[in-house]
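*Asks:* Here's a structure for you.
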Amino acid sequence: MIKLIPRNQPSKSMIALTPLIAVLLTMLVGGALFVALGKDPFAAIRMIFWDPLFGEHAFYYRGQILIKAAPLIIIALGLSFGFRAGIWNIGAEGQFIMGAICGGAVGLAAYPSDSWLLYPAMVLAGALGGMLWGLIPAFLKIRFNANEILVSLMLVYVAVNFLSGMVTGPLRNPDGFNFPESRAFQSFSAAHNPEIWAGTGIHIGVLVMLGLVVGCYVMLTRHIFGFNIRLAGQAPRAARFAGISPNRMIMICLGLSGALAGMAGLFEVTGPAGKLSTTFPLGYGFTAIIVAFLGRLHPVGIFLAGLLLAVTYVGGDIIQSQLSLPKASIQVFQGMLLFFLLAVDVLVMYRIQLLQRRVR
Amino acid sequence: MSLISLQNLTKTYPGVIANDAVSFDIDHAEIHALLGENGAGKSTLVKMIYGLVKPDSGTITFQDKPFAPREPRAARKAGVAMVFQHFSLFEALSVAENIALGMEKPPKPAILSDQIREVSVKYGLTLDPERLVGDLSVGERQRVEIIRCLLQEPKLFIMDEPTSVLTPQEVQTLFETLRRLRDEGTSILYISHKLEEIKQLCQRATVLRGGKVVATCTPSAETAKSMAEMMVGTKLTTPQKIKPEFGQPLLRVQNLSVKSADPFGTSLVDINFTLRAGEIMGIAGVAGNGQDELMLALSGEIRTPPASVQIEGGFVGQLGPAKRRQRGLLSAPEERLGHAAAPDMTLTENVLLSAYHRQNLGRRGFIDFARAQIFAQGVIKRFDVRTPSAENSAKSLSGGNLQKFVVGREVMQNPRVFVVNQPTWGVDAAAAAAIRQSLLELAMAGAGVLVISQDLDELMEVSHSFAVLSEGRLSPPRDAEGITVEEIGLLMGGAEIA
Amino acid sequence: MDISAVALIASLIVAATPILLAAIGELVVEKAGVLNLGVEGMMIIGAVVGFIAAVNTQSAFVGFVAGALAGGALSFLFAILTQYLLSNQVASGLALTLFGLGLAALLGHGYTGIKPPASPKMEFFGLSELPVLGPTVFHHDLMVYFSITLVAGVWAFLKFTRAGLVLRAVGENHDAAHALGYKVVRIRVAAILFGGACAGLGGAYLSLIRVPQWTEGMTAGAGWIALAIVVFASWKPWRIILGAYLFGGVTILQLNLQAIGVDIPVSYLSMAPYLVTIVVLVIMSADRARASLNAPASLGRIFHASN
């Protein structure tokens, strides 16, 4: 019989080890899945985890990894604060979209401006748009006690529809033959987020992401704000005793995660995506949830987890083209990763004890 | 032959021997006391009898047959019933539903309701089967538990600290019920650390200390003092209370009313009192009469109109806990783990909860962990908190040690006003004495101290003045000197004293 | 084309049934004190597995059974995570949804554009021929009647049976239930499996009758709306029907407005069900005292017996 014994202190080694165990288990079970699909599991696993980094075309893929990692990490950093405090914003996808729309709209309105002020204004508008979208569930929770999980999620669908309304209406490219998409941001450089060094995948968003990782790390470990967040998550009543207002916490966490998601959306739409269109949402807002958990809600962990998930995205593209597997198979892979992580997480707070059955 | 006989029961947990070869027996139709301090192993022992914990070794004989219940259900079937200190009740369910849940084969709802009424009349325990348990007082909830047990017609009835939640008058009613049960042939195992009660009620007593049986005695032949020494092992010094001259008013509460956010909570109605420098005011009352709400309204976790709470003349009702701390009002809530301290955080981190601003433990929001650690170590040293270091988590401390830490954390910050709820609840006698002593010293140094407690003995020991909280209303405070337990009991029941 | 009230009611019932099935299952789960946010994932797995089974056997009945089993199987993963490995229920529920959406897309690869076998509509000895009442009440497929019977069954189970009382008790206070000797974990696992099967059934209804075909991501938030309906219903079974039919009504109305070409862009009309969900959540949660009275007190809390 197996028995769980609570630990007095969370195990430090397990905090670091469990994500690795989860990745290994995912490879194992994922491999079995590929066998079931009639594919060579070793080739598939290699294509997902190895080829993007060190394979034949790695010089191209490596850039792709950073491009995909930037939005994942930026969004996950924002989410991690709320998740720690027990405030569940799962509508980052919606805030990502709204950020892209708001920031993008500012740029499109200024077309064909070449002011260097334009891009900062767009970033600000993107962050603001995402923040306002995130503050809706915050306001409804504080004022009406409405569950933020459900509200923020519903707002994703509203945002998706709003996007399609925008690109078929006010933001449609006037020279675009009625296609449901906006003008390309490449068409005027003041609104464009280009690759800074060709082939590296590094754009402004990647640099911002690196800065945010450091900033969030300092906030979380050294600053009273990060301490309050941890306190509110671990012991809500103790947080109230300490004088932390739960309502303010909700506003800050949802506003902050919304702002970061919105900013990520703006970087994405002006850079890698290039324009607003109905195919713009790629699910980064949902995958970022996996990144946040896999990274243990810790900035450094999130950075590593974001890179890993970006690798699997690129790897997913490779198996899609080389093994003719559907795109969804990588989504299964990512979902499985979160599953296994949650499953082995128990080792952090509990010890496992094997009890021998006593003979009666 | 005895009804139940325990032979060499032993149970160990990692690092603790909860019960060490415990043996004793209970006769038919006997009220048998199990006496011991917090942590002496009483709870573990009865849990083994009730099938919640399996002994590592040792045997139980019940009605001349070996008895090893694998779960409470089996124990109940065999005729063992138990009323826990913390009730196993469901607030959103009715009395009848609650009782049905505790029975193996409950009758149809209508029949059960009749049975409940019948038993409640017979034993003088008034109860309406259709009411929601959440709407009942603590004393009434205990009746639900008792009736649930009585309907099973148990041979052995176990009660774990039953009087801690009752007014003195309710205690007498309970004792009558228990004596009637005994006269009908039921045996009762009565767990308590209240010596006067045991002298009044029990034929024999078994004393546990450190998991071992240290004595068996006949309570009527002992004095409270002699039993206390068996229980504690060492002689205790009671703190000295000197009645000082009170200074100027520090905390004034005016027309304070709070509507409880909890549907089953108690709202405060028009509370008024003044606490002066050097004064310790005791607030008595049975649990669930608004203590939690009063505590929250004073600490700042519940906001009220500005004038309803005043510190040295300044209005603070609208301020939160952090701002009130800056004005000198510190507090220590009842629940140590989860409210006064964050269980998974270290002691160093836990001092930040209330001492961050007052002790300058950071600059511009950046925490100075070195200073925090020094402060935590200071608390640990002065209050003799037993812990390997300040970097251990709060939950790794025993109840008494954590309570010393929590009270010490506030006392070391030299509060002008200190509000504390249940300062020694579930704490061993030595730690309790240390905590009470620190409250007295704080008052002597000129602070005002408000002690909310359900332990009358404790309040009599430390307080200079005295008020009773009943159904959310506070009686006018009066001088503690000369007040009798009967008077307090009447106040607790809500009566006015002329 | 104009909007006929009779056709509207008939189609709103069909639109509401998947949500109704999923919501009544989730109600039982939440009554046991467990918050399973994976409804969306279980629904879509039910939709795809039910669809595949029905197409390959040419039997809608087999499809429904398979959908329920698949939903139950997925919920078992959630049960293992939350009940045995003590994972956070919110995170585990999200994992279930993300995993389910991916797995469904993978399984359904190659099944798009196929028509499933038809499910016959019930005929009640000529009652179905009645004007108005016929098409609205007496002329649906079997699952519509089954879903209403299921609600009645859940209501009776919770109100009148001992097992129902125990389930409510576990959801109300798991420590007390444990102290009385009830198997908290076992009861909760059973409730989770029931909820999974119901969600799977709802998903199968979506792909076999409501749409009927398989498309990726076809649940489009229906599982989340089902969760909101449980809140709307204040955890009372009969109100689930009210809630589900209300949302069915909004969906159908919105689709009909699109069809007759009202002067509002389609995108904004499509927001309606989601916006209504938010509005309803706000209204039902606003009275904090009442909301906390109705919600099971142990909802979402982790249970670990200390000995």
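Glycine too: its Cβ is placed from the backbone N, Cα and C atoms.
TrEMBL labels come from automatic prediction, so no person has curated them.
Quick caveat, the model's predicted, so the values are computed rather than measured.
Okay, these came from TrEMBL:
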TRANSMEM  C:6-27  transmembrane segment
TRANSMEM  C:34-55  transmembrane segment
TRANSMEM  C:61-81  transmembrane segment
TRANSMEM  C:93-114  transmembrane segment
TRANSMEM  C:142-158  transmembrane segment
TRANSMEM  C:189-208  transmembrane segment
TRANSMEM  C:214-233  transmembrane segment
TRANSMEM  C:240-260  transmembrane segment
TRANSMEM  C:266-284  transmembrane segment
*Asks:* Taking 3+ C-beta pairs under 8 angstroms (sequence gap of 6 or more) as contact, is the transmembrane segment (C:34-55) in contact with the transmembrane segment (C:240-260)?
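*Replies:* Output no: the transmembrane segment (C:34-55) is apart from the transmembrane segment (C:240-260).
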*Asks:* Count, for each of C:6-27, C:61-81, C:93-114, C:189-208, C:214-233, the Cβ pairs lying under 8 Å from the transmembrane segment (C:266-284), and report the range with the highest count.
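*Replies:* Per the Cβ count, the answer is C:214-233.
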*Asks:* Taking a Cβ cut-off under 8 Å, which residues six or more beyond the ends of the transmembrane segment (C:214-233) line up next to it in the same chain?
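*Replies:* Non-local partners: 18-19, 22-23, 26-27, 30, 37-44, 47-48, 51, 97, 101, 104-105, 108, 111-112, 114, 199, 202-203, 206-207, 239-240, 242-244, 247, 273-274, 277, 280-281, 284-285.
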*Asks:* Between the transmembrane segment (C:61-81) and the transmembrane segment (C:189-208), are there at least three Cβ pairs closer than 8 Å, leaving out pairs fewer than 6 positions apart?
*Replies:* yes
*Asks:* Should the transmembrane segment (C:240-260) and the transmembrane segment (C:6-27) be scored as in contact, given a threshold of at least 3 Cβ pairs under 8 Å and pairs 6 or more apart?
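*Replies:* Answer yes: the transmembrane segment (C:240-260) meets the transmembrane segment (C:6-27) with 3 or more Cβ pairs below 8 Å.
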